[in-house]
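Structure, as structure tokens:
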């Protein structure tokens, strides 16, 4: 990435590390049935691992804020991928308790991605293309999922799950070395003397700083709540889609993984397209409202799937769901960065993302309980579809409040 304009190098580094961290978070959900069978637990318990991963991210977001100013954005992202890789290797112990610990570490490792990525892009994104640039960076989330959806089932055909996890860990570590050449230039403004003390990080003043930034006004609050609703739906889809197709509709694991990869792949294109749309229409909030309605409709369609559906229809709906339910993140982060108080982009992003991630934590747990109670996945997806509509309502209210003032 040497020789590029600084903003392109910054975007490339942020995108690659986002992809790597997201890839690690998708390994367990994609391997779902094989993994739960190997450790002797029910398939729907894969949702617990997804929730623990999200909880780990939340722990970092609330307590890891001092790493970014001290280490710089690129180094913080590299540290995150190292932690996530350590988590994946911990899973090789092969016990359910080890998987829970591994999921937590993977989540902690993902934690630097939102604030550090936003810090990089907020400093270097060209004016007038902020939503697009943020969305390109966030396309790394479904891109990492697409890689996991193709790679992990293929590895399971060729080798056992432990070997598959070891190969995935090696691939993630390689990305750390790839961004090292641009680290010095991008992290030049870091504060080498910023204190890194756990006691300081755990003080109430430090813990509350991100939430004070979020509470700055109706736009920040409404966008954060909408993000929570989007995250709830996306978390349920990503955590259970492969397991639903394999155990609920009877698809083979490679075919279910392919459908998941299509969902993620369309999400890559969708995030870039939605970012361009938001910049073109000049309203990130209106774009998010439209996406919320589309997400609700697509999730209802997923709830209507049955084992009588042809494969092409299942894969096609996976693509529609990827666009509708996994394309919001870049526009959301761009709106948070734009609304943040001066000098508080990292803290505002951390606080908003923390609250958004509650959706990723709560959604899969409640969804798994609903599957057990209802005896199937369709009813759980139908109930989940209501969440984005409430997020759209909050954004419309904030838009009206902003016009009035």
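Each residue, glycine too, has its Cβ placed from N, Cα and C.
What TrEMBL records for 6-403 is domain 'Major facilitator superfamily (MFS) profile'.
Residues 25, 28-29, 32, 35-36, 76, 79-80, 99-100, 103-112, 114-116, 119, 194-197, 200-202, 206-207, 209-210, 235-236, 238-240, 243, 346-347, 350-351, 353-354, 357-358, 360-365, 367-368 of the same chain sit 6 or more residues outside the transmembrane segment (46-68) yet have a Cβ under 8 Å from a Cβ within it. Summarising the annotation, TrEMBL assigns transmembrane segment to 46-68 (among others).
Away from its own ends, the transmembrane segment (80-106) comes close to residues 17, 20-21, 24-25, 27-28, 35, 38-41, 48-50, 52-53, 55-56, 59-60, 112-113, 116, 162, 165-166, 168-169, 172-173, 175-176 of its chain (Cβ-Cβ under 8 Å, at least six residues beyond either end). According to TrEMBL, the feature transmembrane segment maps to 80-106 (among others).
The feature transmembrane segment is assigned by TrEMBL to 219-241 (among others).
For 253-274 (among others), the entry in TrEMBL reads transmembrane segment. With a cut-off of 8 Å between Cβ atoms, the residues of this chain six or more beyond the transmembrane segment (253-274) that come close are 26, 30, 33-34, 132, 135-136, 138-139, 141-146, 148-150, 152-154, 156-157, 237, 241-242, 245-246, 287, 291, 311, 314-315, 318-324, 326-331.
Under the heading transmembrane segment, TrEMBL lists 286-305 (among others).
Marked as transmembrane segment by TrEMBL: 311-333 (among others).
For the transmembrane segment (354-373), the residues of the chain that approach it from at least six positions outside its boundaries are 44-45, 47-48, 50-51, 53-55, 57-58, 61-62, 210-211, 214, 224-225, 227-236, 239-240, 332, 379-380, 383-384, 387, judged by C-beta separation under 8 angstroms. Annotated transmembrane segment per TrEMBL: 354-373 (among others), in sequence order.
Among the features that TrEMBL reports, transmembrane segment is placed at 379-399 (among others).
Across the candidate stretches 219-241, 286-305, 311-333, the maximum count of CB pairs under 8 A to the transmembrane segment (379-399) is reached by 286-305. For the transmembrane segment (286-305), same-chain residues at least 6 beyond its ends with a Cβ under 8 Å from one of its own Cβ atoms are 131, 223, 226, 229-230, 233, 237, 249, 274, 277-278, 314, 317, 320-321, 323-325, 327-328, 331-332, 335, 378-382, 384-389, 391-392, 395-396, 399. Away from its own ends, the transmembrane segment (219-241) comes close to residues 26, 29, 44, 46-47, 50-51, 54, 145, 213, 256, 259-260, 263, 285, 288, 291-292, 295-296, 299, 302, 318, 321, 325-326, 328-329, 332, 335-336, 339-340, 348, 351-353, 355-364, 367-368, 371, 377, 380-381, 384-385, 387-388, 390-392, 394-395, 397-398, 402 of its chain (Cβ-Cβ under 8 Å, at least six residues beyond either end).
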